[in-house]
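The transmembrane segment annotation in TrEMBL covers 12-30, 50-71, 78-95, 101-124, 136-158, 164-185, 217-241, 253-275, 284-302, 400-420.
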Amino acid sequence: MLQTTPPRRHAYLVVLSLLSCGTCMLVFSAPDLFDDIHRDSSTNSASRVVGAIATLMFVQVGLTPLCGALSDGYGRKPLFLAACIVHTSVMLALACVPSKFAFQGCFLLFATLNATFAMGYAMAGDCSLKGQLTPCFGLVDAAFGVGVTSGLVIGRFLSTRHSAMPFAAATMINLAGLLITRRYVYETLDDVHRKPSLTVISAWSASFRLCCREPAVLSLLLVICCMHMCGTVHVILYFYMNYRFGWQLKSQLVFFSFEGFCIVFCLTVGLKALWHRHWTNRQLVLGGVVLQSTSLAASAFMTSGWQVYPIFGLGTLHMTAFPALRSIAHQLVSPHDRGCLHGRLAFVTTATMVIAEPVVKLIVRISIADDLQKKHPRPCPLGYRGVLDGYSNCGGMPGLVFSAASCLLMVVFAMAYLLVAPPATQRFKITLGPPVPRSACIEESSS
């Protein structure tokens, strides 16, 4: 079928921002996001609702690799449109669920959102030159940052008017994304790189054989998994700042808006500047792991609430490692398996988030068990002299969570240094070299 409307090259980025905005609107519209840390029975009163949400989430997580593998044969746009439809349908279903289950349901939304982003990464890889893959993947990540920054502000503002307004607004935003996808998003996969006679069974088996065909991808998946697992400490950051420094939800919204702006800035301006300075993907990965480890270690020794701004503001530079890792993996696989690769990466990130979220909360719940039994828990002491005292008298939650994540990242740094394309190999020169000159890019695009 011929394209009757002029294509918009970056229309899929707008759609991804809209879907991210709608999802994050629901996350920050809940009155208390972490009642389950205190074992509030009201969030678990209807076990059928929670069980249904969990079942749908695991089904969606399992189907994410299949979505990426099918796009290698049927094209990116049909699967991108299908993922948008599923995401909107889940949004409508959550609108019928009581608002106290919004947090559990938002994990289901993140699962469908990751499947949509997998198609976005595949589209960015199809229409980008080899030397520009990392900045283009950074734009896709920045689209999520734009959605987070705008969604949390809009969602909290609407929830103060009526509890149903965030769901209605998020549904309208998703419908707008569907219309933009149908009209302006165009197919990026050409006929040369399509898999012939692809069936659902063959696509499913191909998604599982990817790591067997390319063993180097497995090391990249391990690094991405560990970095996302350590990034899950943001799940308890709201509770930590409230427990330690008395922050209310308004202060949290200001901080997360600031962090979202820093993410967008680092993935656009910062990544572009490093790319022009001929930083290799390997340098971006190693530098990102060090920055993330340093910021988490520093957050374990915070003595005042304002210190979270410079610590996590500089720490957001570690986000430049994710486009670099994706660029390395994208160049390692065959052009016929790139949709399958991005579907597998979406599966890894979603599964890591689902597994790490209860683990982090369990550590926090155990560490503050004594304080929660008291009617008036003793506040954690402030100042550098009170940090170590706070570990022994306030549950030790900062040291257990943030320091453990920092130590894990140092192990990841050693693993990335040894496994992620060592400089002595020829693969380093092929996939991790500096960006190609502009003249070569022009010749490649013209040919």
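Including glycine, each Cβ sits where the backbone N, Cα and C put it.
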Inquiry  = At a C-beta cut-off of under 8 Å, are there same-chain residues at least 6 beyond the transmembrane segment (78-95) that contact it? List them, or none.
reply    = 12, 15, 19, 22, 26, 56, 60, 67-68, 70-71, 101-102, 105, 108-109, 112-113, 115-116, 118-120, 123, 164, 167-168, 170-171, 174-175, 177-178, 181-182, 185, 339
Inquiry  = Assess whether the transmembrane segment (253-275) lies in contact with the transmembrane segment (136-158), where contact requires at least three Cβ pairs under 8 Å among residues 6 or more apart in sequence.
reply    = yes
Note = If one takes Cβ-Cβ under 8 Å and requires six or more residues beyond its ends, the residues near the transmembrane segment (217-241) are 33-34, 37, 210-211, 247, 249, 251-252, 255, 285, 288-289, 292, 296, 305, 308, 318, 321-322, 325, 328-329, 332-333, 341, 344-345, 348-349, 352-353, 355-357, 360-361, 364, 397-398, 401-402, 405-406, 408-409, 411-412, 415-416, 419-420
